[in-house]
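Heads up, the thing below is written out as structure tokens.
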Amino acid sequence: MNPSLFLTALCLGIASAAPKFDQSLNAQWYQWKATHRRLYGMNEEGWRRAVWEKNMKMIELHNREYSQGKHGFTMAMNAFGDMTNEEFRQVMNGFQNQKHKKGKMFQEPLFAEIPKSVDWREKGYVTPVKNQGQCGSCWAFSATGALEGQMFRKTGKLVSLSEQNLVDCSRAQGNEGCNGGLMDNAFRYVKDNGGLDSEESYPYLGRDTETCNYKPECSAANDTGFVDLPQREKALMKAVATLGPISVAIDAGHQSFQFYKSGIYFDPDCSSKDLDHGVLVVGYGFEGTDSNNKFWIVKNSWGPEWGWNGYVKMAKDQNNHCGIATAASYPTV
């Protein structure tokens, strides 16, 4: 073949392979870009539009199936709309499911009255939903959430604690800043360091700084160690009921979680072992009288626009769904 003809054919092939967009979605696309302040280069715009459209149509199909009773939760377009699921998992999840020093083991209370529902938000234990940004620091937000709750239980004062302090300063304990970490390592840092600064004094940047700027005079919390829970939902329920919010890790790597909006989250593909995201259980409850409608109230760190005002109801007592009881722990204060 004549080389020039070959190049012409190749270029025509590329042109014909360019994505064809659904013009009926133009207004929604432009609105989404404006809402989330997206500015793309010429070469990226088409690719991102194609990813966004694919996600939009997947969400619409899921919600049609929800209306037919096939799912127990809805999905919605959100800030992750132009990300493939692979990108989403790389950027947003940062729990490192690695071997580490264990804490004390939780001793389940034998005679405690365990209520059918608990919500520590109503008791003042929980700070507003935060946003980790595009930094794999979920572990830090889960850890501060549990420590904020335990400090409130001890002092009666709710103080927002510094995730950036943990991101910058806990590498000696095994954490890797925006590249991931463990809540237990964060609790160990607070004990080793003798304190953790307040959010106000050490604000969140959403990036690695390589410099620890901890100021002892701004410390707003301390801990004496941490306790690991047995890998059972009943143990998690007893801990949440009697102690307050508990740090947990889950498998959050699915598109169904990426675009979760409301209802009780259940995905049959969710793993109880492959954990990638640190979150905070702040309570539990049930809908109606059906025993299958029990849920955990889980605080996420993707901002209040995601999910149920920043929270997700996760299926409870469904064989440790998404591994919610696999790596649960809390700090002792």
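Heads up, residue numbers simply count up from 1 along the chain you see.
For all residues, glycine too, the Cβ spot is worked out from N, Cα and C.
A disulfide bond in Swiss-Prot ties Cys135 to one cysteine from Cys178, Cys212, Cys218, and that cysteine is Cys178. Listed in Swiss-Prot as the disulfide partner of Cys212, from the options Cys169, Cys218, is Cys169. The Cβ of His277 (active site) lies under 8 Å from the Cβ of Met92, Asn93, Gly94, Phe95, Cys138, Ala249, Ile250, Asp251, Ala252, Gly253, each of these being in the same chain and 6 or more residues away along the sequence. DSSP assigns Glu163 (Zn(2+) 2 binding site) to a helix.
Ranking the recorded positions Cys169, Asp184, Asp274, Asn300 by the distance of their Cα atoms from the Cα of Glu122 (Zn(2+) 1 binding site) places Asn300 first. Counting every protein chain shown, the Cβ of Asp228 (Zn(2+) 3 binding site) has 15 other Cβ atoms within 10 Å.
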